[in-house]
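Asks: Quick paste of what Swiss-Prot says about this protein:
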ACT_SITE  115  active site, pros-phosphohistidine intermediate
BINDING   9, 57, 85, 91, 102, 112  ATP binding site
């Protein structure tokens, strides 16, 4: 079954959106496999966003991520990566449709509440980085009501 990495950024944590965001993924039928509340240091944030290191906004992004705790999660389910991106909405909240997390809760691109893996390979890398100890191996009793 496919997995993806989702991170609620410091603004989402500070604004009390953790439960709402988790609820959206659960209500869709995805399974939570890993969850951490963590304050990351600069080196870790730089490693997570290494692919953006040449961008002019890189330092500001790193400062934002280390400014407070984040909630890192691994979600599992059929099509979770693509569907998760749709639930999240466009990177720029002003381009996000109402009903998406960013469309409902964000205005500025620099405070866009949530991060989600954008491809299978980035999901693998991010899960390995944030959850080196692995994730919980379990199956919800609702599985048979969601999947054929």
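The backbone N, Cα and C atoms fix where each Cβ goes, and this holds for glycine too.
Keep in mind the model is a prediction, meaning the values are calculated, not measured.
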Asks: Note down the number of other Cβ atoms within 10 Å of the Cβ of residue 91 (ATP binding site), including every protein chain shown.
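Replies: A 10 Å sphere around the Cβ of residue 91 (ATP binding site) contains 15 other Cβ atoms.
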Asks: Sort residue 102 (ATP binding site) into helix, strand or coil using the DSSP assignment.
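Replies: Reduced to three states, the DSSP call for residue 102 (ATP binding site) is helix.
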Asks: Count the other Cβ atoms sitting within 10 Å of the Cβ of residue 57 (ATP binding site), across every protein chain shown.
Replies: 12
Asks: List the same-chain residues at least 6 positions away in sequence whose Cβ sits under 8 Å from the Cβ of residue 112 (ATP binding site), in sequence order, or say none.
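Replies: The answer is 9, 91, 92, 93, 102, 106.
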Asks: Going by DSSP, give the three-state secondary structure for residue 9 (ATP binding site).
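Replies: Coil, per DSSP.
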Asks: Identify, in sequence order, the residues in the chain of residue 85 (ATP binding site) that are 6 or more apart from it along the sequence and have a CB within less than 8 Å of its CB; answer 'none' if there are none.
Replies: 116, 118
Asks: Can you tell me how far the Cα of residue 115 (active site, pros-phosphohistidine intermediate) sits from the Cα of residue 57 (ATP binding site), in Å?
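Replies: Per the Cα atoms, residue 115 (active site, pros-phosphohistidine intermediate) and residue 57 (ATP binding site) stand 16 Å apart.
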Asks: The record lists 9, 57, 85, 91, 102, 112 as binding ATP. What's the largest Cα to Cα distance among them, in Å, rounded to a whole number?
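Replies: Greatest Cα separation within the listed binding residues comes to 22 Å.
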Asks: Which of the three DSSP-derived classes (helix, strand, coil) applies to residue 91 (ATP binding site)?
Replies: coil
